[in-house]
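Features reported for this protein in TrEMBL:
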TRANSMEM  103-122  transmembrane segment
TRANSMEM  128-152  transmembrane segment
TRANSMEM  199-217  transmembrane segment
TRANSMEM  297-314  transmembrane segment
TRANSMEM  320-340  transmembrane segment
TRANSMEM  352-372  transmembrane segment
Amino acid sequence: MALTMKMIRICVPINRVMYTACTHSMSCSIDKEKSFLKSKLHCTNYPPNLFQKSLCPTVCQSAQLRTSPNLWSRPRFSAAAVVEAMPKNMQPYLKLMRMDKPIGTWLLYLPCTWSIALAAQPGCFPDFYMLALFGTGSILMRGAGCTINDMWDKDFDKKVARTANRPIAAGDITQLQSLVFLGGQLSLALAVLLCLNNYSIALGAASLSLVLTYPLMKRITYWPQLVLGLTFNWGALLGWSAIKGSCDWSVCLPLYASGVMWTLIYDTIYAHQDKADDVLVGVKSTALRFSEQTKPWLSAFGVAMITGLTLTGVSCDQTLPYYAAVALIGGHLVHQIYTLDINCAEDCWKKFTENRTIGFLLFLGIVLGNLWKSQETHKGKDLPDHSS
């Protein structure tokens, strides 16, 4: 009897701990689902009282499913999860660089890959060393750009729901700490730039004025997305010069212009998420400029982008895979613009992130187009010479 009582004293606290852990997990799941369902109301026309009527059975049913070990959802790998796993004192700086949201880094990096791939010799893959070098530079320069942007926009960010938790606006990092951190990022980016030829070093340094002034454009013009396009697609010039030693403007200029049009498309979509807050704080954007005429404007930018990519292909003697990729990109843009709901922040974010696929499609088309060139060259050599 004494032994039994002793075991009960040991087991009861353990069971209480397990019960607390399980109920905490379930309550967290329920809280998350409540937040999710509330956010969905912004993208629907249902009245608010429908939420109270439908929330309880929906959450209760989901909570029961989650308690089943066979239906427990697997954790997904994400950049945000990696940042959250880092030491607490590092997280504000990583978030300042937007390491938890790498889509911007991809959109900065992909025009570099296009240019590097176009500069490759027929039948050859792109220079992997240059791809890695520009990838490193893109991470650093995107981080530096975000730091500059947040330093300029600290007071604005506090007033916008989506940006109020950014490290500087939230007070996690001071302006002085941000300035020191910016100096470190720019120093590392300079070290990457110095690995290139002299022409490319001068060309890369010329982009710094755009990086520094872009955040101010939203205060003075409704076209800050155009300035962002000029900044974000500088790699379309720099990648070619890093391989060839200088720019061939018949190739680089239409590629650069196409990239600028592309940025106008995806960043206008992005800006529609914040248009209500932008009006309140006095910030300008193409989303406010175009308003309900956004889709016609985006369609015009899409046509200009496809035209520029076609001219680039002609200048580079590109082959069938390249033009097939350009056609797929055109179809993707048509679908993206046609199905866009500019009044739903969730849909705008989804469409914005889909542009990474466009960048990869073009890169793949360029690589395959270069490999196709080699086949055409060999076929030309194998043809008999009848001139004699």
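Positions of Cβ are set from backbone N, Cα and C atoms, glycine also.
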Item checked: Tertiary contacts of the transmembrane segment (199-217) (same chain, 6+ residues out, Cβ under 8 Å) -> 141, 144-145, 148-149, 152-153, 193, 223-224, 227-228, 230-231, 234, 237-238, 241-242, 245-247
Note to self: Can you work out which residues elsewhere in the same chain, 6+ from the ends of the transmembrane segment (103-122), have a Cβ less than 8 Å from its Cβ atoms?
What the structure shows: 130-131, 134-135, 137-139, 141-142, 146, 232-240, 242-244, 251-252, 255-256, 259, 263, 266, 312, 316, 352-353, 355-356, 359-360, 362-363, 366-367, 370, 373-374, 377
Item checked: Close approaches to the transmembrane segment (352-372) from elsewhere in its chain (Cβ under 8 angstroms; 6 or more beyond its ends) -> 103, 106-107, 110-111, 113-114, 117-118, 120-126, 262, 265-267, 269-270, 309, 313, 318-326, 328-329, 332-333, 336
Next item on the list: Would you mind listing the long-range same-chain contacts of the transmembrane segment (128-152), meaning Cβ under 8 Å and 6+ residues beyond its ends?
Entry: 96-99, 104-105, 108-109, 112-113, 116, 166-169, 175, 178-179, 181-182, 185-186, 188-189, 192-193, 195-196, 211-212, 214-216, 231, 235, 238-239, 242-243
